[in-house]
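All remarks here apply to the structure that follows.
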Amino acid sequence: MLEVSNLKVCYGQSEVIHGLDFVVPKNETLAIMGRNGMGKTTLFKSLIGVLPSSDGRILIDGIDVSKKESFQRVENGIAYVPQGRMIFPSLTVQENIETGMEVSKLKKIPDDIYALFPVLADMRKRKGGNLSGGQQQQLAIARALVTNPKVLLLDEPTEGIQPSIIKDIANVLNEIKKLRDITIIVSEQVLSFTMAIADRIIVIDKGSFIHEDLREDVDTDKIKAYLSV
Amino acid sequence: APATSTGQAVTDDTVTVGILHSLTGTMAISETGAQEAEKLAIKQINESGGILGRQIKIIQEDGASDWPTFAEKSRKLLVNDKVAAVFGCWTSASRKAALPVFEKENGLLYYPTFYEGLEQSKNVIYTGQEATQQILDGLNWVAKEKGAKTFYLIGSDYIWPRTSMKIARKHIENVLGGKVVGEEYKPLGDTQFGSVINKIRLKKPDVIYAAVVGGSNVAWFKQLKAAGINSKKQTLLTISVTEDEVLGIGGENLEGFYSIMKYFQSQDNPNNVAFVKAFKEMWGDDSVIGDVTQAAYLGPWLWKAAVEKAGTFDVDAVVKASEEGDIELTTAPEGYVKLHPNHHLWSKARVGMWKKDGQAEVVYTSELIEPDPFPEGYQ
Amino acid sequence: MSFVYEKLFGDKKGLIGFCILAALILVVFPVMLDSFRLNLVGKYLTYAFAAVSLVLLWGYGGTLSLGQGIFFGIGGYAMAMFLKLEASSPENTAIQSTPGIPDFMDWNQITELPLFWMPFHSFSFTLFAVLVVPTIFAYIIGAAMFKRRVGGVYFAIITQVVSVILTVLIVGQQGLTGGINGITDLRTLNGWDITSDSAKTLFYFINCFLLLAVIIASRFILTSKFGRILLAMRDKEDRVRFSGYDVANFKIFIFCFAAMISAIGGAMFTLQVGFMSPSFVGIVPSIEMVIFAAIGGRMSLIGAVYGTLLINFGKTAFSESFPELWLFLMGGLFIAVVMFFPNGLAGLWEDYGHHLTKRLDFIKNLFSKSKSAADAIELKGSKS
Amino acid sequence: MNMSTNTDFTLAIEDLTVSFDGFKAVDNLNFYLDRNELHVVIGPNGAGKTTVLDLICGKTKSTSGSIKFLNKELTNLSEHEIVLAGVGRKFQTPSIYENLSVMENLEISYPKGRGVFGSLMFKHDAVVRDKILEVATQIMLEKALHTEAGLLSHGQKQWLEIGMLLIQDPQLLMLDEPVAGMSVKEREQTAELLNKISEGRSVLVIEHDMEFVARIAHKVTVLHQGKILASGDMKDVQKDPKVIEVYLGH
Amino acid sequence: MGGYSYDELGAIFAMQGFAGISLFSVLLLMALGLAIIFGQMGVINMAHGEFMAAGAYTTYLISTLTETYIPAFMPYYFVFSIAAAFLVAGTLGYLAEFILIRHLYKRPLDTLLATWGLSLIMQQSYRSIFGAREVSPTLPEWLMGAYPATDMIDIPINGMFVLGLTIFTTLAVFYLMFKSSWGLRVRATTQNRVMAGAVGINTKKVDRYTFALGCGIAGMAGAAFTTIASTGPTTGTLYIVDTFMVVVFGGAASLFGTIASAFSIAQAQSILEFFISGSMAKVFTLLTLVIILMFKPEGLFASKVRR
Ligand SMILES: Nc1ncnc2c1ncn2[C@@H]1O[C@H](COP(=O)(O)OP(=O)(O)OP(=O)(O)O)[C@@H](O)[C@H]1O
Ligand SMILES: Nc1ncnc2c1ncn2[C@@H]1O[C@H](COP(=O)(O)OP(=O)(O)OP(=O)(O)O)[C@@H](O)[C@H]1O
Ligand SMILES: NC(N)=O
Ligand SMILES: [Mg+2]
Ligand SMILES: [Mg+2]
């Protein structure tokens, strides 16, 4: 599980994330929603450690990782699917997935990954950079899943993915949550996808949380209103 | 006290000179010995009372293997430091770059390297041999001793090897009645001689005549050996290997090949024994002395002789004294040298056969040869 | 007025910087230095042409050339050929087997002046050649490479290879070029002794004016839309293409322009130093020119001049004081600048100059308070 | 089924094929686009949509086939010539000059001073300024004119790129997933924008967001494995079982 | 070719083949280290030649020590000195990465300047420690001669030794970079350092060891080259341009390209040199290279990735 307290992030002088506090227990999926430029990506980057946080604590299963390098955070169980894919373009698809297996010590790519993204199996030997946009996005998700994370961060994971696969991804995330002890945090713009996976929804605005709802209580119109201020 | 010339760095008890060699860059390899020898000579002169009662002070500059830097530093030594003489330069290119400065500022340069000739400046004393003094006797010697008729010429691609080869070819064809079966130049610093060696095999020359310089030399000899070409099968005569180069090449790779120089460290005469001893005392037991090093050592002594004859440090007077043809050094390690009015030295040519320990055995010594920087019939 | 001013000097800080540089090289140096040192500075300033050209080509254009020495050399050689012919009058060369041709040709058994040397009897042709030959040469290389979209490190290595080719050719064809010795012993220009102190001083000032003119011309390019396109190309070349620009043409132009200014530097070098040699065409000087630009701050035209001066002063001073160890100091200097001042000297000036302009702004604001609405979206001057 | 070579279409793609090491990403494609038409191309990931745009704008060279734009063959033109002919394209991942300000991004896209000497003499006068301001307002970035483009959020970058195309005023505008990463509200705004700008030119859009597609499309084409699977208006296509099978999901 | 017998021509043909192959192995061995440091990591390491020199000096040092203290070991020391050269140059590389290079990954062109500075410092260190003159280790007898295959064909043993070492090193590098999981980490890191960290790769460690490995291989090359050339403070500068050329011409990120490039440059140079002068052979080889690069702008074996 993930505990974050008083997290602040700055780009140079300007503070973009203003002291966030939140806790996500095991087996919960938290969706973070917000308009463009409100700090979702920034928040994720600081959780995985590619952006330094200027203040605050990040605990994974009680272990403070806020001073650690990102590879150590991954070792402690975070996995990250960045916005904009960021796959390794000149590695083959298979090698791309294998980079995620350095941590989990898996020997072979699990079959269920290829079952979820059949296209990746077909294109195993192709260079990652030659895939189409949506294929790359699928690859990035696969790469994160093979690390066997305790906390999975997904920054707009459905961007550029075809509707049928979005549905599959939603099913898989729900499945994983049932099978493993996992915490999922996802930032999303597509409300339908969010509603399909999230247990709880938080709206972020200008680097602060302004609204929080459990899925059961979500009033879609209200959320929509928050998102279009 | 004798008159001092105005404008020079001369006080009542000191006189300042410059040393200008490459301490850095590719040429430092060759020039280190020269500047060591010059410092030794100056130290010895100072210990024996200096010149005209003055101790010599040295300002050293680094030419950095870069010709324009030689020009810049020459100007600095002459204009800023007003030195009475400069001992320096090694490559012809650096001399050519510095020469106009010496002529403009009326300085005096003692240049130690064997070189291509075709030059005679009022402001330079050439203490090394010009091409004819080095080349002709060597060729005569192999023609006679080894019965050589066919020659393969190989050198680095720049002016000194090319000019030397030009003279060699004329001599081989016109005087010795021999034949040049190949002539080859490799870029400076090149380390691949495989193809050339194959060509040489194909031509089967009686003599390989070589003027490869610097680091290339090492590759050249190691690869010759590796190709199975050694002194048992093949005569090789080079004009560009001295004890300095042997250090890098390794005596085992040169064994039995010949160099033609005017000086070898192994020369057995009292002058040289004393010189070698003093040099090693100053610069360490491991140090070796090559032809240019010895020629550089002559510089300060020749200057001392000329200054004392002129009674002044004034450049014009010193040059004039030098041009009278009667300045000689009986104490020269190479034996005996005399300064010719054309600013070059009378010297002997010697053929040395290299031994495994990196020393050469002198197998031939010529008569004293008159320097002739503009040789008739060889241009 | 303000248009022209912006075009030529950039923002206010640019103008101040320019004036300080002009004052330094035109007044301070000539007053403070003796003729030997002034001539040295003059020599350094000829390298500054190449450094400035690299600011355009590399700093803004994003195209690193490791062969600016090629053009510096061609310019220098063109000038040297003219001066050498003048120095090789039949009277001066009477002792040669063929009087009237350069001495090195005579040593190489050449008996007739080669055809391509002939036009260099004319001074006006020589000036023309200094400017045009390198430009054409750059055009050929540039068109061949940029049209084929050779870029980045590939281009850098190719320029390096070309400079090796040229060096090998010059050294190998010594009968035509003077070989490794270069073309030496140049003494007069149309009968006027260029080795005299007065000639050197005059050349120094000509050199300074040319350098300042080149900086202004470069400023003009950089502040125009062309300059922004250069930056855009460095950032995302493909996008520029898809905005309708023929990217290759822009690169060719800036490469040619850079070649031309480097060549001016080369020609001024020959005039001030009195010889030209293949060691300027080679790789080491070419890399050093890049270092001058980098030390100055690769985005700053004026910084390039200071970078050149600093490194060369350093070289001279270190090597005079520590002839045996000065390379440690030079190496350390490069590393220190890269590590601690990633934006070079210009980075320092950014910080310091900031205070200076603020003060000026304050004074100016006392007099005029109005700020038009149009000002609000007026383009910010580029970063030099 | 060879059509006459001269057509009234803005864009006529005929028998277009491209293969990468034997893999046919676009396979014998025929496709036509009218003036004033806003046409959306959908299809599974890897269907070849982006590749088609790459072919039109000259980024990728076709293996065979022809692309005619206003009766001008594009397949042998270079990228900038295609732009000059009137084609503008937005990339799937926003492609802007991150180190330049929004203003400078737009200025560079302004269709004047595109030659070497033209750009040297280009004057940033009131006309240019007004145009930039106008486009910036359209893309809701008028307050961010002096912001460095790299600092914009993902959605803002998308808009900026659209703005860079608008200022060129192209006859054919091609947008690859323009609303990816945008929030609901922004999608709506973008849809409005697209509806507005499709007047007087042809627009080709690639999108996966069906709501958005429904809102803008005049006509929809479904691409699958480099071939056209279905084509028509949105309602029909959405009901097509083949489309549901390979693309929409059940 | 008038005047020569078939035997002679055949022999020359064979020998010429060896000349080309030995130049090939030299070029490739030089380039392997740089193919990792520059080709994979993107660091423009102008001090690469100096790392080679470090290996050469290590060999010299070990040769001298062996000769003085355990002369009986002389026939064998060379093999150990190659390992030592690898370790010494690798350690120097490790330190250089730690002190210098790691701060510059975001500014790859600055690595050119910093490593140029580094190369000056290293050269001067060699000069201060070993003197300005060239040195040469005493090589074991077995390495130096030629193996007379026929009475006309002599096969240079040092050339074969370098070839063997080159093949071994190339295979090792290939395995390490493309077949091992460590290689996967290296390639991921060099393509996207930030993202590699975010999938759990210790990028700092990878960078440091990769750089050290590249330098170590340079050191091995330096040790091997003592059999064919000399060692001096500026030895490295002789190699650096050719080395970059080989790597770039091959297509920077492709090991196979590096091999092909070394092979074609070597063959062109050695065949041409047989017919025209060394200088002109060099000019033509280089010119051909420029022209080929014009048509293959990203090198012989550019990796084809969609942009
Ligand atoms: N490198 C940077 N330097 C300075 N500011 C930045 C930088 N990157 C992002 N920002 C600013 O930080 C804010 C938050 O950006 P972020 O990318 O986190 O937004 P987001 O919520 O992920 O938006 P989107 O939905 O568009 O992806 C924005 O205002 C952006 O301008
Ligand atoms: N250079 C290339 N080399 C190999 N395969 C390629 C190359 N470019 C594209 N492909 C393949 O061609 C197919 C079509 O790719 P394209 O990017 O056009 O898909 P798309 O329809 O845009 O998909 P998406 O909706 O995911 O963006 C993909 O399977 C991709 O892997
Ligand atoms: N004078 C010489 N050897 O360059
Ligand atoms: Mg985001
Ligand atoms: Mg696509």
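Note that Cβ sites are derived from N, Cα and C of the backbone, with glycine treated the same way.
What TrEMBL records for C:15-33 (among others) is transmembrane segment.
TrEMBL lists C:45-74 (among others) with the feature transmembrane segment. Beyond its flanks by at least six residues, the transmembrane segment (C:45-74) meets 25, 133-134, 137-138, 151-153, 155-157, 159-160, 162-163, 166, 204, 207-208, 210-211, 214-215, 218, 221-222, 227, 230-231, 233-234, 250-251, 254-255, 257-266, 268-269, 272, 276, 278, 280-283, 285-290, 292-293, 296, 298-301, 303-305, 307-309, 312, 384 of its own chain at Cβ-Cβ distances under 8 Å.
Residues or ranges marked as transmembrane segment by TrEMBL: C:123-146 (among others). Panel annotation: around the transmembrane segment (C:123-146), residues 70-71, 74-75, 78-79, 81-82, 155, 158-159, 162, 189-190, 247-248, 251-252, 255-256, 258-260, 262-264, 266-267 of the same chain, lying at least six beyond its termini, place a Cβ under 8 Å from a Cβ of the stretch.
The transmembrane segment annotation in TrEMBL covers C:153-172 (among others).
Residues annotated as transmembrane segment in TrEMBL: C:202-222 (among others).
Look at TrEMBL and you will find C:243-269 (among others) tagged as transmembrane segment. Sequence-distant contacts of the transmembrane segment (C:243-269), counting only residues of its own chain at least 6 positions beyond either end whose CB sits under 8 Å from a CB of the stretch, comprise 42-43, 45-50, 52-54, 56-57, 60-61, 63, 65, 68, 70-79, 130-131, 133-135, 137-139, 141-143, 146-147, 149, 203, 206-207, 210, 214, 218, 221, 226, 229-230, 233, 237, 276, 280, 289.
Summarising the annotation, TrEMBL assigns transmembrane segment to C:289-313 (among others).
Annotation comment: TrEMBL describes C:325-349 (among others) as transmembrane segment. Counting same-chain residues at least six beyond the ends of the transmembrane segment (C:325-349), those with a Cβ under 8 angstroms from any Cβ of the stretch are 13, 17, 291, 294-300, 302-303, 306-307, 310-311, 314-315, 318-319, 384.
When each of the listed stretches C:153-172, C:202-222, C:289-313 is scored by C-beta pairs under 8 angstroms to the transmembrane segment (C:15-33), C:202-222 comes out highest.
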